[in-house]
């Protein structure tokens, strides 16, 4: 039996290492007491499947590698977090935050011998830069005696934050005996994400969300170990972002109370940073630009309202594009890109410029656009759109940013008769057929998956099981998988506002979070996921996040959250 266990430990250490030396830490942990009966041994495997029991490893999203035992360690009333990175305000805030989230009750001392007094958070790097591919790996070690304390080891503060979230889910309170405890010790967890880009898109144009709601939304993303808030800030319906360069642009907001000031924007970005969340701003262009024209009418096509094909009801659609023949369109569009990509604003390297659903019919009735096309030797409206998009892409590249665009741009540049190639720097975000990723990766483009089925959460017929069963890498050649950066689930806000946002997004986004974090070979594994998902929902309810029940918009009957 000992030989079998030693082999298991060696396999665990050697296989799929996340780059942190752990041999010294393992030697400090008493492993001889770990149970290796069939069920728990199966749970220790790195190849999780639907046949596994999730009674022991009740963590969401599932960690990459786990070893655990059957001993309960009790937590001292004087427990504390300590760290080697004492100068990091980000880590200090995270430690304080999780301490308050975990220890909400008064606890008593326990007479048992297994007492945990401290967890050391050891971080290798002081670099707190948030960019695509930042290191989120972490390791957790909890002794079965408590004598040696516990450890969270990470390359960056953001890995430590992910580890603290896992620890939160491991600690429980015994209300009868009045003490905190960690069951199934000792624990060894080695974890790192499957994809570097794991996000949720939220549309704040169709309905406005306050800064406090957006901050709470960002917190919910971090609890799920997402790392991107894709902020679809503006659209045809409203332009709520304050611009110091073009102050009249917010005339396109719903009202003077529904505007994000420069201070608001910076506050949201800073809050996200403290939770390890990148904020990727999207300003869609040249389509969906009606709101731009409220303050600057010259950027919209002349006589568009008289064009039968362009008569779209507002505010439900209003998909009026920019006038790509207007100098003002370029001045404002390029100026906004420069302003919102400044060092004092969005430091994020990805910037989304949309490029989707350009309504060419709105250009039909504009003599100015037709004359401009003749002068520029532009033969089609598709070429006119490409002319504009190239300018926007080049502007972002010059600013040192990575352009992100919806799949329409990839399809436009690849359409018949178009000789211009989509610049290789562009990241393509797919929102129709996910198999389009076979083509985008074949052509060398970095790709994000956001197929409307099942990643569009405004579709009420999509349940969490359908989201969970979707495999973003299906069909992509193994050699091109590196080009699949991950994906985003999307919440369009036509029928959603602050009153129902969290119930609409969660728990379905939970499923996306795990599939983008943890590699599951057997995609039909909802049975394996459901008990953990139900428990994780309870954790979010405890933290004030109004996640809906798994299969309904409201509870079916009186019941316990944890036992339902």
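Keep in mind that glycine also has a Cβ here, set from the backbone N, Cα and C atoms.
Features reported for this protein in Swiss-Prot:
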SIGNAL    1-19  signal peptide
CARBOHYD  43  N-linked glycosylation site
CARBOHYD  84  N-linked glycosylation site
CARBOHYD  303  N-linked glycosylation site
CARBOHYD  347  N-linked glycosylation site
ACT_SITE  357  active site, proton donor
CARBOHYD  364  N-linked glycosylation site
CARBOHYD  377  N-linked glycosylation site
CARBOHYD  439  N-linked glycosylation site
CARBOHYD  524  N-linked glycosylation site
CARBOHYD  551  N-linked glycosylation site
Query = Given the glycosylation sites 303, 347, 364, 551, which one's Cβ is surrounded by the fewest other Cβ atoms within 10 Å?
reply = 551
Ask   = Reported as an integer number of Å, what is the Cα distance between residue 347 (N-linked glycosylation site) and residue 84 (N-linked glycosylation site)?
value = 27
Message = Considering Cα atoms only, can you say which of 84, 303, 439, 551 is the nearest neighbour of residue 377 (N-linked glycosylation site) among these glycosylation sites?
response = 303
Request  = Calculate the distance in Å between the alpha carbons (Cα) of residue 439 (N-linked glycosylation site) and residue 551 (N-linked glycosylation site), and round it to a whole number.
outcome  = 35
Query = Which one is closest to residue 551 (N-linked glycosylation site) in space, judged by CA to CA distance, out of the recorded positions 84, 303, 357?
reply = 357
Inquiry  = Quick check: of the recorded positions listed here (303, 357, 364), which one has the Cα closest to that of residue 84 (N-linked glycosylation site)?
reply    = 357
Query = Do any residues at least six apart in sequence from the residue listed as 'active site, proton donor', in the same chain, have a Cβ closer than 8 Å to its Cβ, and if so which, in order?
reply = 287, 288, 319, 408
Inquiry  = Helix, strand or coil by DSSP: which one applies to residue 551 (N-linked glycosylation site)?
reply    = coil
Key: Rounded inter-Cα distance in Å - residue 364 (N-linked glycosylation site), residue 303 (N-linked glycosylation site)   = 9
Task = Identify which of the glycosylation sites 84, 377, 439 has its Cβ surrounded by the largest number of other Cβ atoms within 10 Å, counting every protein chain shown.
result = 439
